[in-house]
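Data block below; observations after.
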């Protein structure tokens, strides 16, 4: 049980009595960090959540934002870190299942999945095992339910060796007049439970996710990992949409963490209503299940529909059509109480608000020691450094991952994995760019700046496709919030993210917090995973690859002597230290807005765009050459900024920078850019040249490809 002594005392005072064992179990689940957000809620208030086009913000199963006059997009993101550490294949697969149900609950058809994954270095056998089976779990589940996995990111670092991070984002489309909510507003309506049968898997899943892992977790906590079934999920999806199309439902919610206890209490508490639940009506997968097990089970592929009693027969007929178990398991009441009955007796009677809205905890925050200066190193040859960066699993091609995913099912994917963002077709004219990004090293060494920079990088990725950000979702992965240094990291990171979002006027419409990512005293690098959706006309998509020889290369944004916390230091020198790049909120916005303006004004004259992030300008230009097979000549002295040597010029990770190629006259474009910028080179030839240093594009290609494949074949 994760209830603290003070929480138990609070509960006794609210009830005027001691809870019985079932009630204790229900309260334990709902007071868990995973369900209650009791530590994070005060901090999450920093986020801007309202803005043009926002239909539903935080607080429901997913956020919803307007995309066209008729269509909206539901977007959510979730973590499945602890389950994936224990059972990587099943943990990752059920993570996909959970986020799909969140999108379906809004009435939206899922059209895209994205994943953000973090593991230990691939030299470690256990890390390779976790990586292999997490990717297979994602691909098997996503491919079988027919939802494309279109983009993502992967990071490898020692701090994720014992505690991998598995975050999944999903986007879906829904007509604006068909959006559903997770509410139960009408007393007298009934709860229709449909989908998978309820078993013993996943019991205590949310409390398991609200504690640190230990050396014995792999054995002791395996029953807390849910068991997914993608075939049943496919049937649940189809049946759900048919029910929502044919029957007026007043509320829809999936059964995820906390099972029936969480789902029903949240449905009714939002409307100040109550619920009566009959355990005998619930379709079970196993015999002899206790009320405690039934109410806390997190068995997968289950949905609750709130509807009028006179529409039950129609809904049941649809469920029979798809061979799905279904039953009316209770009703909405006006009592404000969550009542559970078994064999005609009341066995639990709790205020719904007490379950769904536990009190917050004001955590202590303490600033840890952080680096204040740059790290002095002896720089190797430029060619050696660039090739080593390109052959690092953190930068090298992720083709081993995305080739396992079906990214073209549904035939919406316009720009496929491997670019700055994926682009999907919404209608004949409109597309959405989707990305997910994070910089855990910057956040570890400067939480405020790293949080802001993670939002900035995600926005740069959609801007580089020709889109403008509509909304942000986030998945915040941190250690134990009871430790003051960890909570300070979390608070400062959220402040930085919120400030960057506010600068762009881009609302945060949904999110997830995953605490307790610690094992045996090793805390993960704080990882604020940021998903961004941007809208763009389908006829103005940009991609990163060079398009032709003889085009001018422009850099937007200043490059500074900021090698601290860089991929260059981590990969080439084995150092994770130094002050990360500064975050200039206004400069980040001005650079993005300048890119938007020149795309709008000059259109096809802008032939390629790529953001600068891990590895700096050197890696960014190399990736553009590798993607196209076209070389380039770069004059590093023309790069705008204040660096002191070529390694700083090429590998600093200063924020707010883009690389563009343009055709025709460049002067007019430069004049339009009211930010630091310069023409730094020209495309052409079979080599990438930085001043008098040259590398054949074929050599860059070979360094960049086959890296992860080589590790995974050992």
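Cβ from N, Cα, C; glycine included.
What Swiss-Prot records for 34 is active site, and it gives sequence analysis as the kind of evidence.
The Cβ of residue 37 (ATP binding site) has 18 neighbouring Cβ atoms from other residues within 10 Å, across all protein chains displayed. Among the features that Swiss-Prot reports, ATP binding site is placed at 37, 474, 511.
Taken from Swiss-Prot, the feature Mg(2+) 1 binding site covers 78, 512. Secondary structure from DSSP puts residue 512 (Mg(2+) 1 binding site) in a beta strand. Listed in sequence order, the residues of the same chain lying 6 or more apart from residue 512 (Mg(2+) 1 binding site) and placing their CB within less than 8 Å of its CB are 77, 78, 79, 167, 474, 475, 476.
The substrate binding site annotation in Swiss-Prot covers 79, 80, 81, 82, 101, 226, 298, 299, 300, 514 and rests on sequence analysis. Just so you know, the Cβ of residue 300 (substrate binding site) picks up 27 other Cβ atoms within 10 Å once every protein chain is counted.
Its Cβ taken as reference, residue 80 (active site, proton acceptor) is surrounded by 31 other Cβ atoms within 10 Å in the chains shown. Look at residue 80 (active site, proton acceptor): DSSP puts it in coil. Per Swiss-Prot, the feature active site, proton acceptor maps to 80; the stated evidence is sequence analysis.
Annotated Mg(2+) 2 binding site per Swiss-Prot: 102, 254, in sequence order. Around residue 254 (Mg(2+) 2 binding site), the same-chain residues at least 6 positions away in sequence with a Cβ under 8 Å from its Cβ are 61, 98, 101, 102, 104, 105, 263, 302, 303, 304. When secondary structure is read from DSSP and collapsed to three states, residue 254 (Mg(2+) 2 binding site) falls in the strand class.
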Candidate with the highest Cβ count within 10 Å, taken from the recorded positions 34, 101: 101
Cα-nearest neighbour of residue 81 (substrate binding site) within the listed recorded positions, 34, 37, 511: 34
Whole-number Å value for how far residue 80 (active site, proton acceptor) lies from residue 34 (active site) (Cα to Cα): 11
Spatially closest candidate among 80, 298, 300, the listed recorded positions, to residue 511 (ATP binding site) (Cα to Cα): 80
DSSP three-state assignment for residue 101 (substrate binding site): helix
Environment of 37, 474, 511, the listed ATP site - residues of the same chain whose CB lies within 8 A of the CB centroid: 40, 44, 47, 58, 475, 476, 508, 510, 512, 513
Alpha-carbon distance [residue 80 (active site, proton acceptor); residue 37 (ATP binding site)] in Å: 16
Sparsest Cβ surroundings (other CB atoms within 10 Å) among the binding-site residues 102, 474: 102
Site diameter for ATP, Å, by largest Cα distance between 37, 474, 511: 14
